[in-house]
Amino acid sequence: MKLVTSITVLLSLGIMGDAKTTQPNSMESNEEEPVHLPCNHSTISGTDYIHWYRQLPSQGPEYVIHGLTSNVNNRMASLAIAEDRKSSTLILHRATLRDAAVYYCILRD
C-alpha cells in the first residue's frame, strides 16, 4: 500500500509600486508530484522581473527563482513565463512536505 501525503501550499499577493500580482489562495498536491503555482501580473512593465519567494513556518522569506522573458530553471524549481509576460507559473517538480510554505510572486526591476 502506498502512503499518499497531501501538501498544502499557501500563496500571497505581491504588490510593488503600480504592479499587482494575483494568485490563488492555496493549492494542494500529493507528495512527490509536481505543483504548478500560477501568478497573473497583467500590469507588468517591460523592465519588471518576476520574482518568487517562499516563507516556511517560523522563518523569513527565502528566494526561489526569478526571470524576465524566458523560462528559467534551478535546483529548486522552474519558472514558466508566458510570451506576453502577463502570467507565469512556478513549478515545483517533486513537492515534499518541506515545500509546504507561503509562496510570493512579486514584480520588480
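Using the three backbone atoms N, Cα and C, a Cβ is placed for every residue, glycine included.
Listed features, source Swiss-Prot:
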SIGNAL    1-19  signal peptide
DOMAIN    20-109  domain 'Ig-like'
DISULFID  C39-C105  disulfide bond
CARBOHYD  N40  N-linked glycosylation site
Averaged over the domain 'Ig-like' (20-109), the pLDDT of the predicted model comes to 91
Taking only the CA atoms, the spacing between N40 (N-linked glycosylation site) and C105 (disulfide bond), expressed in whole angstrom, is 9
Residues in the domain 'Ig-like' (20-109) per DSSP class, helix first, strand next, coil last, are 3 helix, 46 strand, 41 coil
Cβ-Cβ distance under 8 Å, sequence separation of 6 or more, same chain as C39 (disulfide bond); the residues meeting this, in order, are T21, T22, Q23, I50, W52, S87, S88, T89, L90, C105
